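K.L.:
Got a structure for you, questions after.
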Amino acid sequence: METSNGTETWYKSLHAVLKALNTTLHSHLLCRPGPGPGSGTGPDNQTEDHRASLPGRNDNSYMYILFVMFLFAVTVGSLILGYTRSRKVDKRSDPYHVYIKNRVSMI
């Protein structure tokens, strides 16, 4: 008896995205030579027909660009946030606040 734990749908959707990305990346047409200079001036009909039947090569390229930009923004944002949080000037555990600040008034 098989039980579904919720990762199966995630796996299927990830597989579909990777399959679509793979077909997008590998759907380019190879350059085929034409019929030759002596056999006519028309274009290679096989290449033209094949190109017309395939979907556009860059149909989903904007999604890839947005994905890369999003990852870059998250990386830079986390670096900036981590740096600013680590550089807090007025920390209560600072030795100045613990030992020196209260004793200066006694002198």
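In case you wondered, yes, glycine gets a Cβ from its N, Cα and C as well.
Positions annotated as N-linked glycosylation site by Swiss-Prot: Asn5, Asn22, Asn45. Residues or ranges marked as region 'Disordered' by Swiss-Prot: 31-54. What Swiss-Prot lists as transmembrane segment is 61-81. Annotated region 'Interaction with KCNQ1' per Swiss-Prot: 72-83, in sequence order. What Swiss-Prot records for 82-103 is topological domain 'Cytoplasmic'.
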K.L.:
What is the one among the glycosylation sites Asn5, Asn22 whose Cβ has the most other Cβ atoms less than or equal to 10 Å away?
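P.N.:
Selected residue: Asn22.
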K.L.:
By DSSP, what is the split of the region 'Interaction with KCNQ1' (72-83) into helix, strand and coil residues?
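P.N.:
Residue counts for the region 'Interaction with KCNQ1' (72-83) by secondary structure: 12 helix, 0 strand, 0 coil.
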K.L.:
Considering every residue in the topological domain 'Cytoplasmic' (82-103), what is the mean pLDDT value?
P.N.:
71
K.L.:
Could you state the CA-to-CA distance between Asn22 (N-linked glycosylation site) and Asn5 (N-linked glycosylation site) to the nearest Å?
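P.N.:
Counting only the Cα atoms, the answer is 27 Å.
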K.L.:
DSSP on Asn22 (N-linked glycosylation site), three-state: which is it?
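P.N.:
In the DSSP reduction, Asn22 (N-linked glycosylation site) maps to helix.
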